[in-house]
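Student: Take this structure, written in structure tokens, and hold onto it; I'll ask about it next.
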Amino acid sequence: MFSIQQPLLVFSDLDGTLLDSHSYDWQPAAPWLSRLREANVPVILCSSKTSAEMLYLQKTLGLQGVPLIAENGAVIQLAEQWQDIDGFPRIISGISHGEISQVLNTLREKEHFKFTTFDDVDDATIAEWTGLSRSQAALTQLHEASVTLIWRDSDERMAQFTARLNELGLQFMQGARFWHVLDASAGKDQAANWIIATYQQLSGKRPTTLGLGDGPNDAPLLEVIDYAVIVKGLNREGVHLHDEDPARVWRTQREGPEGWREGLDHFFSAR
């Protein structure tokens with residue numbers, strides 16, 4: 001058991017978890033966000049989104065001053081008070097967005113895989129795909145260490161594409177709505193472990209951790225967290241963990257921010 005008073009870190013996915021997948025509303029989670037903020041519990045956003053997108057959302061949600069994990073763990077945006085850490089303000093894992101884009105363009109030209117990346121279109125098109133404003137959609141294109149795409153080929157070709165990426169030291173990851181290509185060494189789990197270790201080094205005590213997510217790309221994060229909330233999501237693959245002990249893992253009945261609130265209610269209000 002744990003409480004909101006003890007050293008605690010909360011890691012949360014965004015789309016489909018803290019944010020509604022369609023409206024991006026987060027108000028059902030607002031009371032818990034306020035309570036965590038008042039208790040000085042860091043809520044660390046962890047998403048496939050770019051750092052630019054997440055900094056905007058972090059401010060909107062009132063969660064400034066703590067680190068965040070962007071681009072599925074390929075980018076760690078450091079906390080404001082961590083200016084002495086090498087790499088400040090961001091730590092980039094693996095190869096850059098530009099290098100990944102070159103690899104993808106070569107595979108598309110030479111092996112004729114069919115996909116559309118966010119680099120292939122303008123912000124108006126991304127706004128149509130996502131329901132974001134054009135200014136917010138423009139932030140989705142500011143990748144530093146990954147590429148986001150829509151797959152437009154067969155499942156068989158996807159398997160071939162994934163194998164080719166793996167040969168080249170890259171991974172192909174499914175998010176709530178889009179696919180993401182990033183360095184094979186990067187991941188939400190790696191980024192979370194680094195942040196946990198940093199907090200432990202600064203405080204002298206390992207914090208208890210709680211994570212929330214709804215998609216397959218959240219599984220690595222939830223595997224390394226002490227307690228996990230799997231928010232009911234839209235993805236047909238769902239989230240499957242190696243350790244689904246009910247004492248550690250709670251699957252919500254509700255979706256999005258209502259599921260987020262349900263998960264917090266389960267692990268805190270019941271204790």
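The backbone N, Cα and C atoms fix where each Cβ goes, glycine too.
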Student: ASP214, ASP226, ASP243: which one does Swiss-Prot list with ASP13, ASP15 for the Mg(2+) site?
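Tutor: Checking ASP214, ASP226, ASP243 against Swiss-Prot: the Mg(2+) site match is ASP214.
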Student: Between ASP13 (active site, nucleophile) and ASP214 (Mg(2+) binding site), what C-alpha distance do you get in Å?
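Tutor: Distance (Cα to Cα, whole Å): 8 Å.
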Student: Helix, strand or coil for ASP15 (Mg(2+) binding site)? Use DSSP.
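Tutor: Note: ASP15 (Mg(2+) binding site) is in a strand by DSSP.
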Student: Any idea which of the recorded positions ASP13, ASP15, ASP214 has the thinnest Cβ neighbourhood at 10 Å?
Tutor: ASP15
